[in-house]
Amino acid sequence: MDMHDLNNTQILSVYYSSLMIVVWILFFTIFTVSFMTFIFKWVGQQADEMDLKQNPTVLKGGRRVPLRLIPGGGNKVFQARHRLQVGWYILWYGLGAIWLLDGLLQAQPDMALPLFVKLVFQPLANAQPSWLKAVMDLGIYLWNQNTVTSNIGAVLIQVGIGVAMLTGRSRLWGKIAVYVSLLWSLSIWVFGEGMGNLFSHPSYFNGTPGAALIYSVLSLFLILPKKYWLEGHIARWSLRGLSIMWIVLALAELLPKNGYYSPNGLFSIIATLSNMPQPQFISSSLESIASAIFRAPIVWNVGFSMIMLMLGVMGLFVRSRKVFLTLTMAWLAFSWWAGQDFGFFGGMGTDLNMSPLLALMYVACWWYGEASGDGHLLVRSVNNNESLRANRG
């Protein structure tokens, strides 16, 4: 389409759609960063309060000893040092909340229909190598034995994981739920996501490396011994792992054999999303992006690849944490909208997709997960059991 062939109304419409895309990206970035910062700090404060009540210990001489009294002014106060980074609690409650929401999405009526398998799983399986297709076909066969019963089972598992994690952080059922989360997400990654299309035209916009794989990694971080959090290993592993992921995805996007330089490459992915039942302004914005990609596929593909490559390299050599996190959240917000359609529109969205999970990993495992000496200092009044101050030790 040539701009010279458009009348004034059509030109204004194109400019308006482009402006709305920019405004939406800015709004969503600001909203995401602000909301996550507020909620995560609140969750961290609540976790501090709960953990101090249940685990009144203090680090002394390199080991944990019972809480001690410290004379101070007219009152005596208790001093305790938090045993874990706030990021651990953010990850625990964040993952539990996402599993609960996924269970509710799984309960949508269309999920129990054979059409769900035909439209979602079967095309994905057909695009995989023969060995992986055989594995996925087995899963499809078992699911189709009774689609209603299978879907009810999936709903109960996911809701059960979410509820157990949200209510049982220090209970046995909460710990069991994390192990179930790991096993269930790995099974979804293989049978439901075709291993994130790693062996069939891999692309971040095509679901690589797979949301279920991110679930399993986050679950594993919660299962690992706490010392890996206290010593900052989780923060380092998560940042380096995500950085390597972006670099690999950028290189996969640039490989000609994956077909993303052709007009129908990325265009077909985003155009399909725009046809899903959803609010008109989202559908229109996706159509605008798809149209732009169709006209200049090489420019857009290289541009997306350079963004992912930049994030990967920046993650390996972080200089400004705030700048890096802001840029990452902006990309995740954009890709969640433009490449993943927020994951839940259309009646057949089974989860929120990858961007919220990656954002959770960045914030919980890296930003709030870095080692901070002895942790978080809490000082409590003996008389009224009220927190007087909280700061990083």
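Glycine is treated like the rest: Cβ placed from N, Cα and C.
Check TrEMBL against the ranges 110-128, 148-166 and you find transmembrane segment recorded for 148-166. Stretch with the largest number of CB pairs closer than 8 A to the transmembrane segment (173-192), among 86-105, 237-255, 298-318, 323-340: 86-105.
Against the transmembrane segment (204-225), stretch 86-105 has more CB pairs under 8 A than any other of 86-105, 148-166, 323-340. Long-range contacts of the transmembrane segment (86-105) within the same chain, counting only residues at least 6 positions beyond its ends with a Cβ under 8 Å from a Cβ of the stretch, are 40-41, 43-44, 46-48, 51, 155-166, 169, 177, 181, 215, 218-219, 221-222, 226, 229, 234-235, 344, 349-352, 356-357, 360-361, 363-370, 376.
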